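Colleague: What TrEMBL records for this protein is below:
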BINDING   R46, E73, R74, H75, Y76, K84, R100, R101  substrate binding site
SITE      H170  site 'Transition state stabilizer'
Amino acid sequence: MNLFCGWTDRRSISEEGEWDALEISAASLRRENFTFDVAFTSCLRRANQTLEVVLRELNLTHIPVHQLWRLNERHYGALTGFNKRQMADIYGEPQVQVWRRSFNVPPPPIEADNPYYSAIRNNPKFRHIGESDFPLTETLETTMQRVVPEWTDTIIPEVRAGKKVLVVAHGTSLRGLVKHIQDISDADIMKFNLPNSIPFIFDFDENMKMVGGIRFLANQDDVLKAMEKVASIGK
């Protein structure tokens, strides 16, 4: 597969993704005896199904779940739906890596001849998104411009209320949140990769100051290997 999925929503979670949700995400949280009061996720099916697996395994299917389009994965523009290696062969690996990892360099915008254009634009889950907010391509910077306000206005109030909050989203939307929370520089975020499926924790005190830093629920070797896999364009 190894696709630029972005806002595509045709596919259910893959068999590998379901295994990861069960045996990595849910198992890690269960091992640490985590419980949650409320969950947030995107409007994309793969994130919703991942969350369903986790909540089922933690016996938390009763908690409120909020689906927020601003937690959607980054929109990959003209790259949407295509294989990453294929795009690297066409545009060159350095250029594709700039599009993938830079803070503010966008891929070309998606156009009507992209096979996923109509499905994305006509997805009923997105019908409430205003025309000015509907992206044709995004960078990490522009993804953060929608994700961070959702974090501040919708998610943080739940944390302030003393609730334990679970967020299940996507690589770039979560990477943007980590950049915001940890105040990572534009240059350093280019070298930072979030491992897929491995849960990470932020703790906050009563004044909403972060206690410690990001904490991954896995050993360091597994985290580093997963980070390297994310950084690679693959096959």
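Even glycines carry a Cβ here, placed using N, Cα and C.
Automatic prediction, not curation, is the source of TrEMBL annotations.
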Colleague: Max Cα distance spanning R46, E73, R74, H75, Y76, K84, R100, R101 (substrate binders), Å?
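Modeller: That value is 22 Å for the farthest Cα pair.
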Colleague: Could you state the whole-number distance in Å separating the C-alpha atoms of H75 (substrate binding site) and H170 (site 'Transition state stabilizer')?
Modeller: 11
Colleague: Long-range neighbours only, meaning 6 or more apart in sequence with Cβ under 8 Å: which ones does R74 (substrate binding site) have?
Modeller: G6, E138, T139, L140, T143, H170, T172, S173
Colleague: Out of H75, R100, R101, H170, which of the recorded positions is least crowded by other Cβ atoms within 10 Å?
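Modeller: Each of the recorded positions H75, R100, R101, H170 was scored; lowest Cβ tally within 10 Å is R101.
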Colleague: Around Y76 (substrate binding site), which residues of its chain at least 6 apart sit with Cβ under 8 Å of its Cβ?
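Modeller: Expected: F4, C5, G6, W99, P107, I110, T137, E138.
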Colleague: Name the residues of the same chain, 6+ apart in sequence, whose Cβ is under 8 Å from the Cβ of R46 (substrate binding site)?
Modeller: C5, D9, R11, S12, I13, S14, G17
Colleague: When you measure from the Cβ of K84 (substrate binding site), how many other Cβ atoms are you left with inside 10 Å?
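Modeller: Result for K84 (substrate binding site): 21 other Cβ atoms within 10 Å.
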